[in-house]
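Structure, as structure tokens:
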Ligand code: GLV
Ligand code: MN
Ligand code: MN
């Protein structure tokens, strides 16, 4: 499975992946998922929000054990962020069947669409729509950098966008969700543990900052006559870096659009996207307010694009997973996941597979094969244990706070 996916959407120049939602590379990933499902005799479906499901057992029985992740990537992302969770899920299904460990509860593998928000700006869009955290009309109108709306992109990819939105019937079928993911830090490196159990996700969000200016000639406009948006943007970047460092948060400007984008023209508009994260909601709010104040002083208009509150994963479930895995360590993370969105609706847990360098969202992201196999084994043990639960008794639920929008 890993070998089949490796060439899909790979940028030969950088070695990174560009598997953005509803593009041809994404279509190849989705075709791969459907093939893996059908080859195993699993029941395949794409839901109203474009997420893909592969079912073992009858979904109508409810209280299903669901595992999976996403196949899309950031621009020039690594091979593991997302696909490791989907490939491990299918591998765990195979292992369970070999052991004859599949019991009364249905089991599903899921691929959530547009998890990275790399094309339409809103992270975890597929799971946000499914749980009702994202508004369907607003989602349909989201545009990519070329002005293509989500609705148009879905239609072009052969998926009807008219039925996007909260899917209570599907959510009611899910008894528990477990997402396996490559670790995006170095907490497991140097420990005897190839796998950790997710404990919490920092609150985080994305904001768009528009710094207006007036286009003019770079060679003739006096410095004092310029209305150049670039210095205001630059001051905001420096302030973000200083505040995040001082407050123990994280602030990133990783995406920028400059109009008209000419070397010898003063910009008429700088649009920058801020990604901000912090260990708690108050720190995040203070951090963003401080950065916003600097940007507004430079004339910027600020629009919140998405937000996710603090997620604390279901405690009974994560204690159970740590016990099954012989004391796997708890890991908090600053990275967002569909599991963080699902946690507001169903008992949810995460398993992290050791990343020797901690690098992620980069072509250099890596996990050793032995650790990936340990991840499959850990997921198999976890699913075996969950599937053995009495199907008539849903798992105890201690859902996290509801997701933001
Ligand atoms: C998703 O990977 C995120 O944290 O941005
Ligand atoms: Mn990611
Ligand atoms: Mn991911």
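Positions of Cβ are set from backbone N, Cα and C atoms, glycine also.
The Zn(2+) 1 binding site annotation in TrEMBL covers 70, 81, 181. Under the heading Zn(2+) 2 binding site, TrEMBL lists 81, 116, 361. Marked as allantoate binding site by TrEMBL: 206, 264, 277.
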The one of 70, 181 whose CB sees the fewest other CB atoms within 10 Å, among these binding-site residues: 181
Spatial neighbours of residue 361 (Zn(2+) 2 binding site), counting only the binding-site residues 70, 81, 181, 206, 264, 277 and Cα distances within 10 Å: 81
70, 181, 206, 264, 277 filtered to the binding-site residues whose C-alpha is within 10 Å of residue 116 (Zn(2+) 2 binding site): 70
Proximal residue to residue 264 (allantoate binding site) among binding-site residues 70, 81, 181 (C-alpha distance): 81
Residues satisfying Cβ distance under 8 Å from residue 81 (Zn(2+) 1 binding site), sequence separation of at least 6: 73, 74, 181, 182, 184, 360, 361, 365
Extra residues within 8 Å (Cβ to Cβ centroid of 70, 81, 181), Zn(2+) 1: 69, 80, 82, 83, 84, 85, 115, 179, 182, 337
Fewest Cβ neighbours within 10 Å, where candidates are the binding-site residues 116, 206, 264, 277, 361: 264
Binding-site residues whose CB lies under 6 angstroms from ligand 3, from 81, 264, 361: 81
